[in-house]
Protein chains: 6
Amino acid sequence: MRSYNRQADQMRPISFTRNYLMHPEGSVLVCYGNTKVIVTASVEMGVPRWLKGQGKGWVTAEYGMMPRATGTRTQREAAKGKQSGRTQEIQRLIGRSLRAMIDLEKLGEITIVVDCDVIQADGGTRTASISGAAVALIDALEWLQRNKKLSQDPLIGLVAAVSVGMKDGKALLDLDYAEDSSCDTDLNVVMSQAGGFIEIQGTAEQKPFTRAESETMLSYAEKGIEQIIKAQQAALGW
Amino acid sequence: MRSYNRQADQMRPISFTRNYLMHPEGSVLVCYGNTKVIVTASVEMGVPRWLKGQGKGWVTAEYGMMPRATGTRTQREAAKGKQSGRTQEIQRLIGRSLRAMIDLEKLGEITIVVDCDVIQADGGTRTASISGAAVALIDALEWLQRNKKLSQDPLIGLVAAVSVGMKDGKALLDLDYAEDSSCDTDLNVVMSQAGGFIEIQGTAEQKPFTRAESETMLSYAEKGIEQIIKAQQAALGW
Amino acid sequence: MRSYNRQADQMRPISFTRNYLMHPEGSVLVCYGNTKVIVTASVEMGVPRWLKGQGKGWVTAEYGMMPRATGTRTQREAAKGKQSGRTQEIQRLIGRSLRAMIDLEKLGEITIVVDCDVIQADGGTRTASISGAAVALIDALEWLQRNKKLSQDPLIGLVAAVSVGMKDGKALLDLDYAEDSSCDTDLNVVMSQAGGFIEIQGTAEQKPFTRAESETMLSYAEKGIEQIIKAQQAALGW
Amino acid sequence: MRSYNRQADQMRPISFTRNYLMHPEGSVLVCYGNTKVIVTASVEMGVPRWLKGQGKGWVTAEYGMMPRATGTRTQREAAKGKQSGRTQEIQRLIGRSLRAMIDLEKLGEITIVVDCDVIQADGGTRTASISGAAVALIDALEWLQRNKKLSQDPLIGLVAAVSVGMKDGKALLDLDYAEDSSCDTDLNVVMSQAGGFIEIQGTAEQKPFTRAESETMLSYAEKGIEQIIKAQQAALGW
Amino acid sequence: MRSYNRQADQMRPISFTRNYLMHPEGSVLVCYGNTKVIVTASVEMGVPRWLKGQGKGWVTAEYGMMPRATGTRTQREAAKGKQSGRTQEIQRLIGRSLRAMIDLEKLGEITIVVDCDVIQADGGTRTASISGAAVALIDALEWLQRNKKLSQDPLIGLVAAVSVGMKDGKALLDLDYAEDSSCDTDLNVVMSQAGGFIEIQGTAEQKPFTRAESETMLSYAEKGIEQIIKAQQAALGW
Amino acid sequence: MRSYNRQADQMRPISFTRNYLMHPEGSVLVCYGNTKVIVTASVEMGVPRWLKGQGKGWVTAEYGMMPRATGTRTQREAAKGKQSGRTQEIQRLIGRSLRAMIDLEKLGEITIVVDCDVIQADGGTRTASISGAAVALIDALEWLQRNKKLSQDPLIGLVAAVSVGMKDGKALLDLDYAEDSSCDTDLNVVMSQAGGFIEIQGTAEQKPFTRAESETMLSYAEKGIEQIIKAQQAALGW
């Protein structure tokens, strides 16, 4: 039996709480079941040095996990003095995914920094982060528009992400922690609102997967992402 | 006029939400007005190497601020690769304060690690952290007792903390960010449930303060802390 | 026209030079066209602390790029004092891929550390590293066997890797640097000798890709990997 | 019996040796009994980037301890690669204290960096550092005046610092190491020449202290600081 | 018997392979027997900040060892997060030696960064690096000339380096690893093409050496360096 | 005219003040003219992990410079987070030199850590450090003997060090900062009490030096070191 009594191709309950914090231009609490991530989008006028003078903007992401987001305490990366390979891999993934939402030329010399801080982890923290960040990013764009910082609309469209896995020969959508730890294959998929693939990252944890399994997993992902995008749109009042 | 329409010797609204997260042995969301801190208490059987074999326990604290807890984004310490002097000063203060709650001999060879993560900052993050951590620590002790890990009760009593300031010759209790930035003196006070002083840290930001001002500020602090301890007790159902 | 006058579904010339260095238990110079990587496999008796006492072995990988492997000089990571996110992402990918070659239980408490050092980069350094490392790992296993360190054969089979991309609506196998920099989608695929997928990492660099494009890319990858595995086998004299 | 045969409210012998080194604009060897600190004040024309263009100056402090200033060797912070929380806390305290001596607007865009290096530690290294630094800072101001770098006199007045403790219910002024290690409360006090409080940092090491004890300790501190300021003035020939 | 059947005052076979890599302005594979170092010289227009505006150029060097250049695996410095004292000592030595080849005033505001990466170590890696770097540097100068970046010829002449040791009272030229590990004294000598000494670094590993031994070692070094310079010249077609 | 009115082959006034600090087993203030270094020798029972169980001792050295030992302030290495290449090179040199004084087998499993902290720099800080450390090391050995920690006498003899330079074709003994900055060649020499060479490190700063110049410099060094050893012996009361 899966958590929340769900079928193999069903998502956990998902929610997006906008304006979760008072300071950021965009802030969202995103929940995929028990996985909870605070996402903020911060506007900074100007761009990093390597991009200066090209008239283009930049979107970047950072990811962190509170030490006790997990079942046993994880050492604080600020105390260790460096971010783990996993953290860097995830924040690179989030950044690339969000840049697919924005026409950087139209954004102009503005940077949007997205921070995803996991306060409770139960599987799918990177996919929840991406979907939540998409909403926070929209709010930051609206802030820019309200404050007359944009001359054109740089938005291409939403993105959303979900994980799929193979366990005992069966595909499962939106893995929770227990499923993620025991599955044979773990596939993270990021898609655009228009239905195109942005990122596919599949890893055979136990044994190689087949072409057919890959097909099934992608179909499940498409189904899940369609539903997530509806929830994002509802939260945004679109 | 002060925020929340309050008098010079009044606290902001304070709240303690216990069991805020699913994984930790103790977890509390503490609010002092708009200042919001997630505090967790994690039990680790065993003690740090330097304490091994002495039959004593240890309580330590770490402190962090989410990058967008503040009005403008603060660089993530994990990305910078080190904790600021301010962070280290605060976590040392929190740790010392919490150790005053516990008879470490009676705790036995157990470590409790408290994490204070500020998700929204509006002045008083260190004092809110201490007061919230006291509650989370109690929950962790109860977890230890429920799980038969303690042979004696190591609790001495609660601690709580509040800031007081001098502004234009007038004392103010529980400074918010605007007051904190503009006051002449900033005094953080940590007290025990029994009314003793654990820590006093007073800093003249603009001009030196007098013995009499110090007296007034300490009286305000006593008043505030009495009220905080009542709120802690209410949250704990004592 | 592609480099080496090749068709869209053709590999660059590939080669594996075994015993490239005198000290390591396994060492291979792998070339994919102008991309050249020195791969070594080092045997260390014993396992990392977190794995001790479980009777299992470990395979891990590190990746580096000589400063002038690239068209303009890249700062030395040892001088910067940390490995980039890209480096960590790649070495995690190589490590996972190689662990799919080995039954760690049968390896016993032995660690094999694979080092991939790129001396000349022209696209596909991570895929060349994986394919070369597979050969070096076999040599290290043979060294272990010759030296009577193994009680059973831990080898599951070879793995190999290749990149595929979409450019102007057309799939291209084994991208060189010029193609990699200008393509719309970049997909890295790792497969087992038996034809199963170990890793799929696809990224839409410019615009999202479709399900059909994903299918074509995977087919090209299968074709390329079949050829690489033949070259590995030839090098190994299998 | 206290060291140097002194009463509870007596200081250890204190001394300030000016022009201790040949290179710095101000340099002082300060001794509080066996505690010996070399303090230098270095003038740097210009201010840190964050202060540029505001016409204001800056005073900052760094603190270090020679590895064998202590009874057993302490690891060199330069070798560990980071400054401890204690070090950072102390140098922040020294910096704040010294900035209370100077009208930064009148200083103009000049930075004075104070370095306090403990060559022998026997309790009170931070308070000795502050009192010594006050003298070195005056010498640096005089150097600036002699070299016509100042258009106005930025000096507000001297500061001095001392520790007080509670031990077995009795207050003790100017704790040496043995007293500091065994006392119940440790209070560091920084005051201005005019008798105002700059910093009060009280910590209950063993058990909470009372309002009355705090009063006694502050009175002792006032007495000690009066004497230190006289010694500073004598050293300066005021 | 020495390796390669050589006399006490004979070098191992040495070789310089120019244009070893496709990207760098100068690149050489240098071998002293089994010691193999890839040396590259990278041209960067402009100079480090501290040298700006003086019309002078700069030559600097970095040194690294691939983890399995050695008999047992050495930890990767990029993974450790810092370069060892040995590495820094060597790269400082290489840099100083190469700057003796060039009139920096005539070079103009151009930087040449030399990277020496040891792929196989068997004694003499620093001396082989210097001799190989001298050739790569010449190639970089020629690249500058071909590309009309130089207004004058900044070359002073070649430099070359060799080690000499004392073992059981006997001098030995060009120590391999086995000799280096067991000798009493190790002397590294860098000389100019014109026969002057650039660097002499002698260390008594086991017992002090005498004036007379120093004389013999220097004579051996002169002999070896003469031969190395001939090989450099042959490789350069001079 | 040289400082202190001295001839080309004369030393600056040198002095060794023993028992300079209260805590260390050996402590010396060494002065070579205006160059002043505090040297301490700390005894630690036991040896580093890599030496355990071999019955041998260890002697190691660390070197630091107070920020304002120099004419302009040098950034504190503890604040930068790493020791410079120069610092590491010097502490490696000091360590090797001191190990030539001691039969490590006879020392047994004891470590002596020598710290050299330059409080005032005027040329020759590394050579003064070595000569001063030799005296502090003797005092630490005597402490070990008084405390019955040694079963045999591990002392081989004193070492001492001095710099020599070539300036305008003339050799100069014991360079001060002004000479060191302007000379053509800088040679540091470490010798044993018995007259053997421990270390020779010569660097042509401006132009190569000849065999004959090397001879003259070594003769000057021998003369200087003879005198330093006499001063060490006098300080030790030998």
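Residue positions begin at 1 at the first shown residue.
Here the Cβ of each residue, glycine as well, is placed from N, Cα and C on the backbone.
Since this is a predicted model, take the numbers as computed values, not measurements.
Record check: TrEMBL places B:G124, B:T125, B:R126 at the phosphate site, and the matching candidate among B:R73, B:R76, B:R86 is B:R86. Counting residues of the domain 'Exoribonuclease phosphorolytic' (B:10-140) by DSSP class, helix then strand then coil, yields 42 helix, 43 strand, 46 coil. Counting only same-chain residues six or more apart in sequence, the Cβ atoms lying under 8 angstroms from the Cβ of B:G124 (phosphate binding site) belong to B:Y32, B:G33, B:T35, B:V162, B:S163, B:D174, B:L175, B:D176, B:D180. Taking the centroid of the Cβ atoms of B:R86, B:G124, B:T125, B:R126 as the phosphate site, the other same-chain residues with Cβ within 8 Å of it are B:Y63, B:I90, B:V118, B:A121, B:G123, B:T127, B:A128, B:S129. Take B:R86, B:G124, B:T125, B:R126, the residues named in the record as contacts for phosphate: the widest Cα to Cα gap among them comes to 13 Å. Cβ neighbour count for B:R86 (phosphate binding site): 14 (other Cβ atoms within 10 Å of its Cβ, all protein chains included). Across the domain 'Exoribonuclease phosphorolytic' (B:10-140), the model assigns an average pLDDT of 97.
A distance below 8 A between C-beta atoms marks none of the binding-site residues from B:G124, B:T125, B:R126 as lying next to chain D.
Under 8 Å, Cβ to Cβ, and six or more positions away along its own chain, B:T125 (phosphate binding site) finds B:T35, B:V37, B:M65, B:A69, B:I90, B:V118.
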